[in-house]
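Visitor: Structure incoming, see below.
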Amino acid sequence: MVASISGNPLRAVADRRLQRVAGPCGIVLFGITGDLANRKILPALYDLANRGLLPPSFSIIGVARRPVNAARSVEAAIRKGAQTPVISTTLAQILDGLRMVEGQYNDPELYRAIGATMADVDATRGTGGNFAFYLSIPPSLFPVVTEGLASAGLNRGAPGSWRRVVIEKPFGHDMASARELNASVSGVFPHDSVFRIDHYLGKETVQNILALRFANELYEPLWNSSHVDHVQITMAEDIGIGSRAGYYDGIGATRDVIQNHLLQLLALTAMEEPTSFHADALRAEKEKVLEATHLFGSPAQASVRAQYSSGWQGGQWVRGYREEDGIPAESITDTYGAIALGIETRRWSGVPFYLRTGKRLGRRVSEIAVVFRNPPFLPFPDVAGLGQNTLVIRVQPNEGITFKFGSKVPGSEMRLRDVTMDFAYGHAFTEYTPEAYERLILDVLLGDPPLFPQTREVEESWRIIDQVENYWDAHPESLETYAPGSWGPAGADAMLAAHGHAWRRP
Ligand code: BG6
């Protein structure tokens, strides 16, 4: 293993937690020139190789619609995005295994060429017929590509080898299209060969929710409506939509983030203890809790959407959403979404779960805050500085956990104030924290499914989001605006104030 090579510069990046090494295999990367491939997938593949977690034979077959100098652009993506040092031997290993196939996704010739290239890397590099097809392309093309793979017979390998397909969210844009998509993909690949990536599930801090809840005695007895007042799940970004107009407009913040990332965080926070961490056991608990999840009130009371306007953010003038390149001036796509949900179970009935996400907010932060009830009685004269006990799981940045509780202010009087207890990954561990994509891609290559959402989770999430989106479609006037750098529209504050709550300002 990398860790045992003394004097090797990779020692600094070796990670004991990921000592599971993929066997002989390759990846067929549709959309190798795209934004996601460049920012996340290619750097993650390099980092895995750099840490000795990919076999030397590992090969990448890039698929693109137009000719491209693949070696140059892959190297550039790695240099820009890799978390580990760029080392010439690892770079050479990746580039040696790189092949390109060009063509149109609806052309049968493309799939014949992909098949020939797969056979070639099997013969020359020993990939053993094991391939993951990574569809880093718009969802509308998934059926075209999976059917193309099937008609060329590439979806099934020879006995003893495997074929898997990786699809990226959004898995559809509503329940009906998600079902269609699931049907078309599962018609070609058996369900245990379909890996849906929700990259939040690959984040260390997100997996740590399960450790926190189920490896400790302290929290679980309090994790219910008798003690929890409400829960806030936030994924805020300070950036705008950048050059992603084509993807983003018509999808919006709620479908882009709440339907997948935030509902998965809710499921992990609220689900019952699984009988094991096997994929089926985890999935069963997530499905149950999502099935019990409903809007906390009518769609009008339990949802808010808004768009960022132009203004000053961090000393810089930024354009409003409707002035961004490629966005129609009359667009009503949400760049901010907030919803209030309730979970009808004995554990959670009556506890609101508030979920919010937005672009161009105050700062980039993702967190889950569990806010506890006040004690029934406080025998202290001065409690002005006392808030509610709050456990904050900081997903990013400054990954860790904070617990806020009341303490006596030093001095002769009995004055109370909130203080915090802090756990920071950076202080507690010396291990390297792998990027979410590293963990997830390695799991795909190992055929390890617990971190990938399954059909029913996806459909249950759409059931919740469809109600909100349908209401918004019927009520265009519900769209609010917010200033860049702020924490969202006034309606979002009002939604919580109606229940006597207020958003945290992380
Ligand atoms: C993606 C969304 O899933 O997550 C993007 O499509 C968003 O809009 C991104 O910017 C944020 O990911 P992270 O890991 O930086 O929080």
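Using the three backbone atoms N, Cα and C, a Cβ is placed for every residue, glycine included.
TrEMBL feature annotations, pasted as is:
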ACT_SITE  HIS261  active site, proton acceptor
BINDING   ARG65, LYS169  NADP(+) binding site
BINDING   HIS199, LYS203, GLU237, ASP256, LYS359  substrate binding site
DOMAIN    28-208  domain 'Glucose-6-phosphate dehydrogenase NAD-binding'
DOMAIN    210-504  domain 'Glucose-6-phosphate dehydrogenase C-terminal'
Visitor: Using a Cβ cut-off of under 6 Å to any atom of ligand 1, determine which of the binding-site residues ARG65, LYS203, ASP256, LYS359 qualify.
Guide: ASP256
Visitor: If I take every residue in the domain 'Glucose-6-phosphate dehydrogenase C-terminal' (210-504) and average their pLDDT values, what number comes out?
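Guide: Averaging the confidence scores along the domain 'Glucose-6-phosphate dehydrogenase C-terminal' (210-504) gives 96.
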Visitor: Using a Cβ cut-off under 8 Å and a sequence separation of 6 or more, which residues in the same chain sit near ARG65 (NADP(+) binding site)?
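Guide: Sequence-distant Cβ neighbours: GLU102, GLY103, GLN104, TYR105.
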Visitor: Express in Å, rounded to the nearest integer, the largest CA to CA distance found among the substrate-binding residues HIS199, LYS203, GLU237, ASP256, LYS359 named in the record.
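Guide: Largest Cα to Cα distance for the substrate-binding set is 20 Å.
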Visitor: Of LYS169, HIS261, which of the recorded positions has the most Cβ neighbours inside 10 Å?
Guide: HIS261
Visitor: Can you tell me the CA-to-CA distance separating LYS359 (substrate binding site) and the residue listed as 'active site, proton acceptor', as a whole number of Å?
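Guide: LYS359 (substrate binding site) and the residue listed as 'active site, proton acceptor' have their Cα atoms 15 Å apart.
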Visitor: By the DSSP assignment reduced to helix, strand and coil, which category contains LYS169 (NADP(+) binding site)?
Guide: coil
Visitor: Just checking, which of GLU237, ASP256 (binding-site residues) has the fewest C-beta atoms within 10 Å of its C-beta?
Guide: GLU237
Visitor: For LYS203 (substrate binding site), what residues in its own chain, 6 or more apart in sequence, show a Cβ-Cβ distance under 8 Å?
Guide: VAL395, GLN396, ALA436
Visitor: Identify, among the binding-site residues HIS199, LYS359, the residue whose Cβ has the fewest other Cβ atoms within 10 Å in this structure.
Guide: HIS199
